[in-house]
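Copied from TrEMBL, the annotated features are:
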- 66, 104, 312, 316: divalent metal cation binding site (BINDING)
């Protein structure tokens with residue numbers, strides 16, 4: 001596949017618009033076009049060891065779940081390991097694409113895969129995603145009616161206000177009089193100026209409606225998951241299930257205040273990777289994530305919530321095998337897709 005055709009297909013699989021605003025997703029490194037992709041190489045983290053593997057396996061595009069370029073690079077030299085990744089990628093004509101939190105949000109993504117480790121359950125996003133392109137502009141809609149005497153002057157002043165969009169006028173009959181219905185979208189900042197303008201004329205102001213434009217929620221899409229198990233099971237059983245699902249010999253556990261390893265777990269809140277900000281404040285029997293700060297663990301335990309920590313990338317990496325199969329179907333088996341054998345979490349239990 002041509003690289004740009006493949007990137008378009010990857011964006012259709014998980015829209016970059018679903019990623020968190022702070023994230024750096026999409027195509028990060030592009031060899032000079034035209035660039036044909038025969039082999040797509042999947043990894044959770046693109047380290048130098050993994051890049052060497054990608055070169056040896058003649059990868060044309062690396063899909064790295066975590067973006068190897070996050071903080072802006074001021075130069076591309078041989079001095080730091082992330083700069084060397086870019087150099088090696090371009091020297092070997094390998095593109096780099098990262099989906100990161102877009103894959104966290106989608107219904108067929110990382111968090112849903114992690115939830116399978118709990119056993120039979122239903123789940124909803126902790127922080128639902130909104131439709132990225134609806135509405136297109138503005139946070140508020142303002143509607144008011146004006147008579148012919150005031151219309152032109154008001155419209156002229158409104159058009160001078162920045163951050164106004166979708167300005168429309170339609171004939172209207174109000175209390176038996178012919179008037180014009182004016183509708184516009186505006187930002188929060190512009191709303192103050194519009195209201196100030198309309199309030200100068202009491203007739204206009206009393207006929208004004210202000211609507212908050214809320215984007216519709218996307219079903220089953222968003223950050224984190226709140227999972228309700230079909231049947232409550234003990235915390236010790238959940239620990240064994242998670243270890244089996246993630247293929248880990250050990251996990252770290254903090255037992256909630258007033259709970260024991262035999263206490264039942266019915267509701268579990270989870271977030272792949274680093275889950276503190278996503279899980280905080282959620283009512284559940286259990287928090288499941290890769291890592292949390294010491295003080296966030298203390299807060300959870302004090303509230304009677306048990307915590308299972310599996311190390312950051314251990315809650316993500318196993319998804320790559322499922323991803324390989326899903327992408328093979330999505331891309332109609334047009335390219336070879338392989339998963340890194342050298343990618344691993346940097347932390348070990350000694």
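Here the Cβ of each residue, glycine as well, is placed from N, Cα and C on the backbone.
Remember, TrEMBL labels are computer predictions, not curated facts.
Put plainly, the binding-site residues 104, 316 were compared by Cβ crowding within 10 Å, and the winner is 104. Cβ environment of residue 66 (divalent metal cation binding site): 44, 45, 46, 98, 100, 313 lie under 8 Å away, each six or more residues apart in the same chain. Counting only residues at least six positions away in the same chain, the Cβ atoms of 273, 274, 290, 291, 345 sit under 8 Å from the Cβ of residue 312 (divalent metal cation binding site). Apart from 66, 104, 312, 316, the residues listed for divalent metal cation, the same chain places the Cβ atoms of 44, 65, 100, 110, 272, 273, 274, 290, 313, 315 within 8 Å of the centroid of those Cβ atoms.
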